[in-house]
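Enquirer: What Swiss-Prot shows for this protein is this:
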type: ACT_SITE; residues: Glu302; note: active site, 5-glutamyl coenzyme A thioester intermediate
type: BINDING; residues: Gly277, Ile278, Gly279, Asn280, Ile281, Asn392, Gly396; note: CoA binding site
Amino acid sequence: MTVSQLLKQRVRYAPYLSKVRRAEELLPLFKHGQYIGWSGFTGVGAPKVIPTALADHVEKNGLQGQLAFNLFVGASAGPEENRWADLDMILRRAPHQVGKPIARAINDGRIKFFDKHLSMFPQDLTYGYYTRERTDGKILDYAIVEATAIKEDGSIVLGPSVGGSPEFMSAADKLIVEVNTATPSFEGLHDIDMPVLPPHRVPYPYTRVDERSGLDAVPVDPARVVALVESTERDKVGPNTPSDEGSRAIAGHLVEFFENEVRHGRLPANLLPLQSGIGNIANAVIEGLAGASFRNLTVWTEVLQDSFLDLFENGSLEFATATSIRLTEAGFEKFFANWDEYSSKLCLRSQVVSNSPEMIRRLGVIAMNTPVEVDIYAHANSTNVSGSRMLNGLGGSADFLRNAKLSIMHAPSARPSKTDPTGISTIVPMASHVDQTEHDLDVLVTDQGLADLRGLCPRERAREIIRQCAHPDYKPILTDYLDRAEHYAQRSRSMHEPHILQQALRFHTHLAEKGTMKVPSWD
């Protein structure tokens, strides 16, 4: 087939050009039940052409449920995986996902989903943990990877994310590479650590966020590359959720806390490397830092959003490491227009490194993440609404919160239910599901205030969380529960972490029955 000039410019390893194919030619390679790995992380850098061709094939031929795969991605992919979910093309999925169609399929029981710490997932895959039932010795049948260039030695230059691609490519029997010529090449932006199996590992050699190993592309055996496909479609990232009054209040509490930590010598003047999640609260926090007096900041995180570009522009941010650059269309335009400025201050690593407990603890990262709910003793639920309904997955929150120097969670104090504008309290007597334990959390922040939990016993934590973080509609209800629990615990000599198990989940049962967590009485 004819190879475009753009593709020839991007592919500098000539033997690959003879493997260029149209996506439709590759459809016979795919069989029901295969194990597939995709590149991509938080909706960018995922393959587009092959997944779309497969979805078109299934839809056209009525093969829903008859051509389906065990799909592994570093975190969430793009809209293609949601289309696969709608067409019943996913048998099993891990470790993180975003999108109503795929979440609906998981909660309907049509997709077997499991979430896992993002630092552990790719390496556990290379151990063969997720393919134990296979008898052919393979781990993945195919890795489908989006590249933005191919070097002279055949190594693969990834795009705006690294994620689990190095592990997927090393574990796959065969590779299919989508070379995206619609987006500029990201060559020079990556720093790749290839997987090494125990017991032959050595410590990661990084002691600063800007240090690199020097490998800027993923090495592969060219014989395992069965096809190249040209992709001409850019990533589609929707607009960021704007900050609101509540998220700006949270940001204000955090900035004030950081300033106080600096004054008392517990943090340096430029803080420590920052990790921040996705969403309007995360954006508001970054906006708050951009407007504060902190300079020479550094970032060691999973995902960079548009708000980080503002930190670069005003001179506050010195260097950032991530595994994904998740920018809006306008953000990517700004990024490419100022490539020299941004690329010299940025490094993309694999999620195994960006989320590495070793690195997070060594660098003393300040971790900030948003939970579903937190209970009065500081156990946090990040995944399952009312204990059962999966949202997105654990992601990297526990990687960071367990190992950070400062572990912070932020959330609105209350959220609306269908019938009550403050019908769901973020602070509950007992979390309906626990992802992060009371031992992992240092600071909790809501729009109401900030609770510093360091060094407090459980009963002290409970009083501080209710006083500082609970919504006014829930403070008396939570205080009444805690008073009763302490009275009950005194009689049973169990005062360390008082609970009344018959009542501890009443917020959740009352929400299910009445549409609000505002229980009228504990009697």
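Cβ coordinates come from backbone N, Cα and C, glycine included.
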Enquirer: Identify, in sequence order, the residues in the chain of Ile281 (CoA binding site) that are 6 or more apart from it along the sequence and have a CB within less than 8 Å of its CB; answer 'none' if there are none.
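Expert: The answer is Ser243, Ser247, Ile250, Ala251, Thr370, His410, Ala411, Pro412.
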Enquirer: Please report how many Å separate the Cα atom of Asn280 (CoA binding site) from that of the residue listed as 'active site, 5-glutamyl coenzyme A thioester intermediate', as a whole number.
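Expert: About 16 Å separates the two Cα atoms.
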Enquirer: List, in sequence order, the same-chain residues at least six positions removed whose CB sits under 8 Å from that of Gly396 (CoA binding site)?
Expert: His117, Leu118, Ser119, Glu302, Gln351, Ser354, Asn355
Enquirer: Run through the Cβ atoms and count how many others sit within 10 Å of the one on Gly279 (CoA binding site).
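Expert: Counting Cβ neighbours of Gly279 (CoA binding site) within 10 Å gives 18.
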